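Trainee: Structure incoming, see below.
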Amino acid sequence: MEVCYQLPVLPLDRPVPKHVLSRRGAISFSSSSSLFGAPDPRQLSQRRGAISYDSSDQTALYIRMLGDVRVRSQVGFEPEGRGSYPYLCIDFRTLHSCSDSTSASSLIAGPGFISAGPVSGRRLRRLLSFQRYLHSSRLLWGTTHLNPLHILDEDYIGQAKCMLERVGSWNFDIFLFDRLTNGNSLVTMTFHLLNQYGLLELFQLDMVKLWRFLVMVQEDYRSLNPYHNAVHAADVTQAMYCYLREPKLAKSLTSCDILLGLLAAATHDLDHPGVNQPFLIKTNHYLAKLYRNSSVLENHHWRSAVGLLRETGLFSHLPAEEGLKMERQLGSLILATDISRQNEYLGKFRTHLNQDDLCLSNASHRHFILQMALKCADICNPCRPWELSKQWSEKVTEEFFHQGDIEKKHKLEVSPLCDSQSNSMGNIQIGFMTYVVEPLFAEWGRFSDTRLSQTMLGHLGLNKASWGGLVQQEGSSSPEELEASSPASIAMPTPAVTQSEPESASAAEPIAFTTATATGEANSKEIPWGSKES
């Protein structure tokens with residue numbers, strides 16, 4: 001069975017070798033559109049897959065997958081809803097790309113036809129990577145072919161493969177990896193790690209279902225979010241892998257623990273709307289009502305992930321009770337990333353370390369350590385090298401300020417840290433590092449006193465000093481701004497938890513820290529990060 005997951009970026013000025021054109025999936029060029037009836041369309045239908053370029057219409061690229069070719073000369077492209085997402089059901093997609101910023105629209109599957117609004121050129125390029133994905137899948141499986149398919153962009157794939165060989169490095173550049181994989185970093189990263197651990201064979205996961213699940217997960221992240229997007233999820237997944245390799249965890253975790261840890265990292269911010277929980281609550285968003293103002297985003301991420309697991313049937317071959325158990329454990333991990341419950345988890349972690357009673361042969365203790373590992377992975381950006389950490393800081397600040405602009409536009413109270421008039425990137429980052437990141441990673445360092453932990457704490461100190469220097473250079477460290485960036489009070493509602501939530505989905509509690517103002521006076525205030533920074 002031939003399955004086309006993505007389609008390639010094809011430089012149309014390059015000659016295509018004859019041995020490629022002779023294959024079942026072929027690329028052809030014509031001076032007159034053969035798709036509009038010049039040759040008999042029935043001849044085209046004999047080919048399982050084809051890409052045709054019409055020189056009379058330089059802006060159109062016609063792509064056919066596993067079915068008949070039908071063409072609409074419409075502009076704009078929007079992916080279908082998940083109801084028609086299964087790749088085995090896709091007949092064909094028509095893409096029109098007049099320029100990088102132009103959008104395209106027209107997607108025909110079977111007898112139906114959907115026309116939608118514009119989308120960015122980046123989205124178009126991501127959809128055009130069929131050859132790249134075929135080659136990537138062979139690289140990830142470690143197999144080669146005697147007569148390999150001609151790859152027009154093999155240099156990029158080779159570089160991505162080299163990066164995957166160092167996927168356990170803390171200096172891993174996820175931005176470069178995302179470019180090398182044509183915007184498919186989350187799919188490529190997660191599949192590689194699952195395969196590297198041998199989890200596909202161990203759990204007898206169907207590769208087609210797994211690919212479909214991972215592609216749907218990646219597409220459900222909103223690419224317009226500056227921060228909470230698929231690249232962030234791939235970064236967290238890579239960080240989670242680094243923690244899973246730590247000696248204490250590597251010798252204690254079961255294969256099921258590793259599978260859940262990687263899947264939770266990949267889906268922990270699934271379908272994030274780009275705004276925080278207080279925004280959803282004060283705008284009476286349906287998600288806030290659905291989850292009763294408690295861990296709203298985290299519950300949504302978890303339920304979205306479960307929906308994709310069930311839609312793809314990834315665990316359908318497992319006993320029903322076992323599948324439900326894995327879904328609950330996945331939810332428990334994702335719900336632990338709620339930053340408003342940081343004090344709860346940190347206190348429990350510190351108590352275990354003080355009493356030295358963590359026993360990783362105990363399933364509940366292993367699960368708790370997985371929760372802490374995911375929490376660390378989720379907010380590890382300040383612990384990365386400065387070149388990477390600074391990029392993440394810019395992205396999250398952009399997302400904060402975008403929310404603030406929306407609140408101003410609709411005359412809502414501006415959330416803390418979201419007002420670009422009274423906050424600066426440097427002060428936001430210094431506050432986040434001081435009151436959230438440092439306490440968590442200090443305790444993680446006590447639990448796992450390794451070279452990685454020391455490296456992370458070292459980067460954290462250097463990055464904090466770098467932001468302090470930038471704040472001083474910009475002359476933005478006025479008492480008013482320092483006060484605005486220090487923890488301020490946000491009252492988090494604490495309604496009862498529904499019975500359908502895992503045991504870790506208890507009511508959120510605000511986090512209190514003792515802070516110092518610009519005048520040196522000590523104040524006890526609650527952390528302003530009503531939803532996690534990362």
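Placed from the backbone N, Cα and C atoms, the Cβ positions cover glycine too.
What you see is a predicted model, and the numbers here were worked out from it, not measured in a lab.
Heads up, here are the entries from TrEMBL:
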DOMAIN    152-474  domain 'PDEase'
BINDING   HIS228, ASN229, ALA230, VAL231, HIS232, ASP269, ASP378, GLN429  AMP binding site
ACT_SITE  HIS228  active site, proton donor
BINDING   HIS232, HIS268, ASP269, ASP378  Zn(2+) 1 binding site
BINDING   ASP269  Zn(2+) 2 binding site
REGION    470-534  region 'Disordered'
COMPBIAS  476-489  compositional bias 'Low complexity'
COMPBIAS  500-510  compositional bias 'Low complexity'
Trainee: How many other Cβ atoms sit within 10 Å of the Cβ of ASP378 (AMP binding site)?
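Mentor: Counting Cβ neighbours of ASP378 (AMP binding site) within 10 Å gives 26.
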Trainee: What does the structure give for the C-alpha distance between HIS268 (Zn(2+) 1 binding site) and HIS228 (AMP binding site)? Integer Å is fine.
Mentor: 10
Trainee: Just name the most isolated of the binding-site residues HIS228, HIS232, HIS268, going by other Cβ atoms within 10 Å of its Cβ.
Mentor: HIS232
Trainee: Per 10 Å Cβ neighbour count, which of the binding-site residues ASN229, GLN429 ranks highest?
Mentor: GLN429
Trainee: Over the span of the domain 'PDEase' (152-474), how high is the average pLDDT in this prediction?
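Mentor: Overall, the domain 'PDEase' (152-474) comes to a mean pLDDT of 96.
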Trainee: For the binding-site residues listed here, ALA230, VAL231, which shows the highest count of neighbouring CB atoms within 10 A?
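Mentor: Of the binding-site residues ALA230, VAL231, the most buried by Cβ count within 10 Å is ALA230.
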Trainee: What count of other C-beta atoms do you get within 10 angstroms of the C-beta of ASP269 (AMP binding site), across all chains shown?
Mentor: 27
